[in-house]
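Engineer: One structure coming up, written as structure tokens, with questions to follow.
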């Protein structure tokens with residue numbers, strides 16, 4: 001039983017990191033119909049900024065998280081205006097080629113400026129404690145990650161379901177032309193959503209750095225996993241992304257605990273089964289990209 | 001008269017010119033990861049070679065030595081072979097050096113006999129590489145070489161039950177075998193051996209499993225980079241240290257450039273390795289000075305730099321012994337059994353295996369001022385490659 005809770009708690013934390021990073025990608029794919037392969041690169045930018053602020057400037061972790069989110073958004077918004085806007089509604093191939101190109105540019109620049117070594121983000125003392133959960137001890141950082149994941153899920157649900165912005169957003173997703181003709185400025189909605197998606201990626205990149213370490217090839221290493229989460233959950237669905245992250249996080253963690261030498265076999269096996277049963281993802285609708 | 005002088009001048013100029021054209025330049029091809037995630041180690045190859053030229057000049061026995069670098073970012077045997085072939089056939093190199101990854105070194109080996117080219121392996125650490133061709137020499141290390149002392153330390157510290165966790169690839173399997181053999185011979189019981197994919201970064205579930213295995217010691221090996229950091233964080237975060245489960249590893253988990261990233265959590269962690277940038281000897285001090293002179297960043301110096309430095313020494317010696325002629329057998333024979341004082345300590349090229357025999361040190365992570373270092377606390381003298389020794 002202790003073992004069961006052990007695995008479950010690790011799986012939950014891992015799933016939450018995946019969720020925070022990938023929910024933005026899910027929104028971008030569902031909403032703007034853009035396959036943004038550079039999403040992982042924005043998480044990486046967040047990680048690099050946070051590492052720079054804490055390691056090189058010696059400033060606090062809180063400030064680093066804030067700077068990472070804001071910094072990534074500052075970099076992303078002009079990109080959305082100048083580059084992404086051109087590829088909305090074009091073929092997947094164009095989108096994939098351009099966004100993978102952006103990823104390579106970001107990797108190259110990060111390598112050039114910060115060097116090829118691993119970057120870490122030192123945690124404040126509060127996040128270095130070990131918390132006794134009754135059945136096991138866990139680092140307070142992991143508890144914090146779980147809490148952040150839940151907060152992001154709740155916050156996004158609230159914004160999308162309960163606010164004015166959320167209504168416009170859903171309308172734009174449903175039918176961009178009609179939403180536009182009703183006076184909703186869809187281009188502004190898209191920009192704000194893109195910024196939100198990027199900010200979440202950066203946030204996830206920073207707080208999840210202990211599980212998915214920041215290194216120059218971060219953007220490519222974890223991109224497959226993020227895309228898988230979106231496919232399994234269904235593009236554009238917060239609940240879907242959450243469910244996918246928790247299911248896949250659990251499968252991956254259990255497999256790693258019980259049968260480590262099988263590697264990612266069970267992870268992808270689960271993906272194949274789910275996608276066969278739900279071709280549009282757990283909570284997805286058919287994508288008309 | 002004056003026309004005669006002019007003629008003489010012209011003649012001598014011609015002669016000088018022809019001499020200069022004939023003065024041989026011996027080319028050495030170095031293949032390593034100059035770009036990509038492992039570029040730090042390619043850079044270290046470059047620094048090590050340049051540092052040697054800095055100290056000993058760019059000529060060996062009157063022959064100019066020119067190093068030609070080629071980029072091979074990852075594990076890619078086909079490209080390794082193509083690059084080596086190109087270097088030998090088109091660029092006319094007389095010596096090859098490099099190879100960060102084992103599969104790349106293995107792919108180059110079959111070319112050596114025909115190309116009549118000795119090959120100095122500067123990293124790839126699987127024991128069997130030197131057996132692939134009589135023209136292969138190695139100045140780096142092997143997993144067995146560094147792992148056997150680690151198992152000895154565990155036994156001497158009173159460990160009864162151990163568990164191993166390694167990356168599931170050639171060197172990881174070698175490390176597991178090396179630890180298992182020595183540990184069991186020492187009377188310990190190996191309760192479990194875990195092999196994990198190279199891409200693993202979240203080690204929490206695995207560390208939980210180590211915790212429940214009932215072992216008092218865990219031996220770990222992963223290649224330097226993301227997995228080592230993830231493992232160290234999970235090891236600390238799950239309280240294994242407090243529970244009395246000791247960690248012993250090879251130095252790959254604790255390379256100097258990664259130590260600042262690990263931070264204070266790593267202090268006191270023990271590992272066994274053949275080189276630490278903080279090794280206290282006049283040779284190492286001179287080496288570090290030479291590295292700085294060629295523009296190296298001292299905080300990024302790793303075992304790859306010292307392997308390249310000693311590899312360059314071997315190549316200079318071989319050029320010397322053959323007087324610049326292409327005679328691979330004579331060249332290799334000339335350095336067999338050679339001993340010298342390397343920046344890492346006394347070393348010998350084993351005449352039978354052509355692998356480097358060297359000291360392996362037990363080190364402990366320490367912090368002096370703001371710098372983290374691997375402080376050597378014990379020396380295992382003249383360790384051969386234990387993986388080949390048993391055969």
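Count begins at 1; order follows the chain as displayed.
Here the Cβ of each residue, glycine as well, is placed from N, Cα and C on the backbone.
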Engineer: From A:143-160, A:161-178, which range did TrEMBL mark with transmembrane segment?
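Structural biologist: Transmembrane segment, as annotated by TrEMBL, spans A:143-160.
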Engineer: Might you confirm whether the transmembrane segment (A:12-30) is in contact with the transmembrane segment (A:61-84), defined here as three or more C-beta pairs under 8 A between residues 6 or more apart in sequence?
Structural biologist: no
Engineer: Excluding the flanking five residues on each side, which residues at least 6 beyond the ends of the transmembrane segment (A:37-55) place their CB within less than 8 Å of a CB in that stretch?
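Structural biologist: For the transmembrane segment (A:37-55), the nonlocal Cβ contacts are 21-22, 24-25, 28, 61, 63-65, 67-69, 71-72, 75-76, 96, 99-100, 102-103, 106-107, 110, 114, 119-122, 197-198, 201-206, 209, 214, 218-223, 226-227.
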Engineer: Hey, does the transmembrane segment (A:96-114) touch the transmembrane segment (A:187-207), meaning at least 3 C-beta pairs closer than 8 angstroms, sequence gap 6 or more?
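Structural biologist: Checked: the transmembrane segment (A:187-207) vs the transmembrane segment (A:96-114), no contact.
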Engineer: Before we move on, state whether the transmembrane segment (A:12-30) and the transmembrane segment (A:259-278) share at least 3 Cβ pairs under 8 Å, counting only pairs 6 or more apart in sequence.
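Structural biologist: No, these stretches are not in contact.
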Engineer: In the same chain, who gets a Cβ under 8 Å from the transmembrane segment (A:96-114) while lying at least 6 residues past its ends?
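Structural biologist: Sequence-distant neighbours of the transmembrane segment (A:96-114): 34-38, 40-41, 44-45, 48, 51-52, 79, 83, 87, 216-217, 219-220, 223.
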